[in-house]
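All remarks here apply to the structure that follows.
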Amino acid sequence: MPIRYIDQLADLKDKKVFIRVDFNVPQDSKGNITEDTRITGALPTIRYAIEQGARVILASHLGRPKGEKNEKYSMVPAAKRLSELLGRKVKQASDCFGEEVTREIDAMKSGEVLMLENVRFYPGEEKNDPKFAQQLANGCQVYVNDAFAVSHRAHASVEAITRVIPTVVAGFLMRNEMTFFDKAMQNPVRPLVAILGGAKVSGKLEVLEKLMNKVDKVVIGGGMAFTFLKSMGYSVGASKVEDELLPTAKKIMDKARKKGIMFYLPVDCVVANAFEASATNFITTVQEIPEGWLALDIGPASATLFTETLRDAKTVIWNGPMGVFEMDAFARGTFAVAEAVASAFATTIIGGGDTDSAVRKAGVESKVSYISTGGGAFLELLEGKVLPGVKALDIKVKK
């Protein structure tokens, strides 16, 4: 669909430019930001708007305050961190709308930046309430969506607001996300390899269905692999399995076989006698998982097998860890795959969420082509869905 970007606008000087960013970043108990990738990702768009002389109004959510004001979820730490990164003052608004906020916006000078308070402090945000969108817009002349990670949500600051502000465009982060996704799924250099992990098959079912029409190889790891293994007749001990999806898992593998898609599952795993970091654990083949033990990581032979599948890959998409990587004892498989993806002579795209964290924890984030900022949004794109936040930018359907 045709989308305009912020650098295609002729003049931003002195205009009130509303930029929807995603500063939903992790913080420690004292409110210190522990990981600021989403803030740094929005810097190019914010800097561009500043350089063009716009009056920059930023909006984001943080956490799940359930439609009520809660200081724990204030945007103050994000504004402070952004100030440090930009090397200039970012003012924190008193709220996200209202008379005081209107005065704060009207008092802004060219090139100044104002951070609105958490848009989820009001139920109208998640209800996609047009009235709330009107209040948020506050006379802004240009709307910029640079929040890919929330673009699968039809929320007021993502969707309804685009019917209020006259000029609607996307930012540079959004352009990067869409460009790399198109490179991976619409026009991939082959072979195209998809690596899927995580706990549940149910969360990736639609993705798997879609991938069956796109990929050359599929690699399945993480907890979801054991639903597939059980569907093949393996005894998987106490490993978590979605029994209701066993027939579906079998159908997916049959479909892959008929289409000539290589389908890889773990051949060994690390099993433990409890879901605990200190649990007794050992490596075993998938045929010999003891009764009562649960698999919490792929084993070294599986890591080698999965690494081999990437040797001739030209495009790699990875979403979902290979094990419970948050626990050191069960992180080796995920880190081995992270190293393999980082070393591949291919366009490598990491699908946000836990996979993003795993790649950073493995220390290879600088060696992959692109790390998506969106977990759920990335998955919905893989499923072939049109994201509400992206559809709202389509210039063909704009008023």
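Positions of Cβ are set from backbone N, Cα and C atoms, glycine also.
What Swiss-Prot annotates here:
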| type | residues | note |
| --- | --- | --- |
| BINDING | D22, F23, N24, R38, H61, L62, G63, R64, R120, R153 | substrate binding site |
| BINDING | K204, E326, G352, G353, D354, T355 | ATP binding site |
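Across D22, F23, N24, R38, H61, L62, G63, R64, R120, R153, which the record gives as binding substrate, the greatest C-alpha separation is 18 Å. Each residue contributes its Cα atom, and for R120 (substrate binding site) and K204 (ATP binding site) these two points are 28 Å apart.
Distance noted between the C-alpha atoms of H61 (substrate binding site) and E326 (ATP binding site) is 26 Å. Its Cβ placed at the centre, T355 (ATP binding site) has 28 other Cβ atoms within 10 Å.
Here the binding-site residues are D22, E326, D354; the one with the fewest Cβ atoms within 10 Å of its Cβ is E326. Of all the binding-site residues in the list K204, E326, G353, D354, T355, the shortest Cα-Cα distance to D22 (substrate binding site) is found for G353. In this structure, the C-alpha atom of T355 (ATP binding site) lies 17 angstrom from that of N24 (substrate binding site). Around K204 (ATP binding site), the same-chain residues at least 6 positions away in sequence with a Cβ under 8 Å from its Cβ are L196, G198, M224, N319, G320, L379.
Candidate binding-site residues: E326, G353, D354. Nearest to N24 (substrate binding site) by Cα distance: G353. G63 (substrate binding site) is 21 Å away from E326 (ATP binding site) when you measure Cα to Cα. For H61 (substrate binding site), the number of other Cβ atoms no farther than 10 Å from its own Cβ, over all displayed protein chains, is 26.
With the fewest other C-beta atoms within 10 Å around its C-beta, G63 stands out among the binding-site residues N24, G63, R120, G353. Cα spacing between G353 (ATP binding site) and G63 (substrate binding site): 14 Å, rounded to the nearest whole number. Distance from the CA of G63 (substrate binding site) to the CA of D354 (ATP binding site) is 16 Å.
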